[in-house]
Structure formats: C-alpha cells, structure tokens
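**Q** One structure follows; several queries about it will come next.
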Amino acid sequence: MSHFITPENIERLKQAQEADRVQLDYTQPIPKEVPKEAAVADGDSQIGTVGCVAVDSEGNLATATSTGGIVNKMVGRIGDTPIIGAGTYANHLCAVSATGRGEAIIRGTIARDVAAVMEFKGLSLKEAAAYAMDRVPRGNAGLIAVSSTGEVDMLFNTTGMFRACATEDGYSEIAIWDSPAK
C-alpha cells in the first residue's frame, strides 16, 4: 500500500482538501505558482473509467468495468463500478458498462435499466440505452453496450467520452467528441 503514498499523491490530496473538492485520481497536481500566460488545469484529468463489453459468436455476453477513482472522496464512499446494475451489468440480452458521476449512475441504475427496458418493453439496445440515459441528468454519464445479436451502442450526455468498438463484420469506431445524447 505504501507505494501509492507518493509526494505527488499527497500534494494532490492536499490541494483537493484545501479547495474543498473531489477530483479524479491520477490528476496532475496544479502548480502553486503558474505563469500568467500558461493555461491552468482544472484539476481533473481525462483518465477515468475503463469499460468493456463483449459478445461471442453464440450470443454469450460479458462486461467489465474499472474505475479511475476520486481524490478526497467522502470516507466510505462506494462508486458505481462495483455495484452490479449501476455501473456494470450483463444478462442474456445485453452487456453494459457505464462511466461518469457515480452517484448519478447509482441513482439511475443505468446498466440494469438498459437490460430491463429491453426485456420488459421489448426495445432494441439503442432504444433502451437512450431511455436509460434520458433519465440521468445531463453531463453525468455515458455507457457502452452490446446486445446478444451484436448491436452496439456508445451513448453519453457529457462533453465527450473516450470510446472505441470493433465488430466482426469489419466496422470500427474510435471517437471522443461526436454525437452526445440529448
């Protein structure tokens, strides 16, 4: 555990505490003195959740989600990633991995809602993902999902979301900024 206690991490925690804020782990500490002509980082890096969804040729689904973490989080806070149904979920219909503000994702149980809407309303993956994301306040979340038939959706209501996909028919997509959810 001591290998995580570095001068940089101590400084990052100290800055977050002094500013009374939380921020993503692995954020570069903001220098105490910044030249006026230099841009100042806001304390949040673009390193965060890493999620993966997959379907095999027989329609078996899997998902995995790893959090980026938060500095100066409330003691005892548990994010959405380890809560099945909130940040990660897979069943016989779809696999979903979510990213964003954990509290909003937990309240919306985004990942499970996609599967539930597919099952109980008979919606497609894209329709179900849009339905689940519409229930999350704007600027709070994104998700990647795949259905047992290979339908893929990558939806977000934030400024951007790092994402990529590849399908067996040769389609691939790598993007950050395009087409946020409305």
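Note that Cβ sites are derived from N, Cα and C of the backbone, with glycine treated the same way.
According to TrEMBL, the record shows the following:
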type     : residues                                                  : note
ACT_SITE : Thr49                                                     : active site, nucleophile
BINDING  : Arg77, Ile78, Gly79, Asp80, Thr99, Gly100, Arg101, Gly102 : substrate binding site
**Q** Give the number of CB atoms, excluding that of Thr99 (substrate binding site) itself, located within 10 Å of its CB.
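**A** There are 27 such Cβ atoms around Thr99 (substrate binding site).
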**Q** Using the alpha carbons only, what distance in Å do you get between Thr49 (active site, nucleophile) and Gly100 (substrate binding site) once rounded?
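**A** Cα-Cα distance, Thr49 (active site, nucleophile) to Gly100 (substrate binding site): 8 Å.
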